[in-house]
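So the structure is just underneath, and the comments pick up after that.
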Amino acid sequence: MKMIIGGAYQGKVGCATKLFGIDEEAMTNGSTCDFDEIFTAVCIKSYHKAIARFVAQGVDPIAFTKRLCEENEDVVVIMDEIGCGIVPIVKAERVKREATGRCGCMIAENSDTVVRVICGIPVYLKGTPDAD
Amino acid sequence: MITLVTGGTKCGKSSYAERVLESFGGTKYYVATMNPVGDDAQEIIARHTEMRRGKNYITIECLRDIGDLDIPEGCGVLIECIGNLCANEMFGSGEVNEAVLKITEGIRALSERTAELVIVTNEVGSDGNDYSPDTMQYINEMASINRCIAEFADNVVECVYGLAVAYKGKAIC
């Protein structure tokens, strides 16, 4: 399992193509996909959006992500870092943000490689470029 | 040399940018992009003016059209900052304009005639809120500008509570 994180629009999808050879057309979009697709996806982009949809639709995001880690060991997960800034006033927003943090920790723990992208530049937080 | 300095708010970007230019022996320009309207702006301008006192910068205000700057060849230039410049370009005319190409091409052109160019920008895309479409477009365009400048910059540095972390090239201490 591999993970690419970073703020919005930092160039995460481009890094997935450059580093891991996955074209954007081959990626499953967490904003719109059927949830079941995630378990067989080669790469999921905007997984934080999928988590938001789990929360909105009453699917347990932690259990879902645990199953993802168990069943799709070779997947590349791309997700935004969304935990900075002020804790939201609206409870649903807080729940979503916390779920994203917990799921992100689980994915990072299960990944051999974690890359953080800033200004389009990949930084390896876990693993090394040679290992890819 | 071209250096892009990024980071969150009040993380020491300006101080770092000035340190990069400290040893530069030639003429130095400070390009101020902030719209000087409002109490906050006045406070920030006063603080930054104080920081630069005695450091021999020629200050030029440039709220937009960065490519039209009239700066002679071979100078040291500090641009502060892309966040304001982008907001001025996008929202300054009453309607929302695209700013990426204009700003990146302007800075690229400027970089071709400067000896030392330091660009201060901002990270605005990591707080996870869904803002209005105009604000989301601003976040998107800021990130595009940063990615584009990072490509042709020699150094890309993030400041974290005053510490400089280099992602490309190197950071000075």
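Start at 1 and count along the chain as shown; that gives each residue its number.
Cβ atoms are placed via backbone N, Cα and C, with glycine included.
TrEMBL entries are annotated by machine, without manual review.
The active site, GMP-histidine intermediate annotation in TrEMBL covers B:His48. Within 10 Å of the C-beta atom of B:His48 (active site, GMP-histidine intermediate) sit 16 other C-beta atoms, taking all shown protein chains into account.
Listed in sequence order, B:Ala32, B:Thr33, B:Pro36 are the same-chain residues six or more apart from B:Glu61 (GTP binding site) with CB atoms under 8 A from its CB. Taken from TrEMBL, the feature GTP binding site covers B:Gly7, B:Gly8, B:Thr9, B:Lys10, B:Cys11, B:Gly12, B:Lys13, B:Ser14, B:Glu61, B:Glu80.
Of all the Cβ atoms in the protein chains shown, 9 others lie within 10 Å of the Cβ of B:Thr9 (GTP binding site). For B:His48 (active site, GMP-histidine intermediate), the nearest neighbour among the binding-site residues B:Gly7, B:Thr9, B:Cys11, B:Lys13, judged by Cα separation, is B:Lys13. B:Thr9 (GTP binding site) carries neither a helix nor a strand DSSP state and counts as coil. The least crowded of the binding-site residues B:Gly7, B:Cys11, B:Lys13, judged by other CB atoms within 10 A of its own CB, is B:Cys11.
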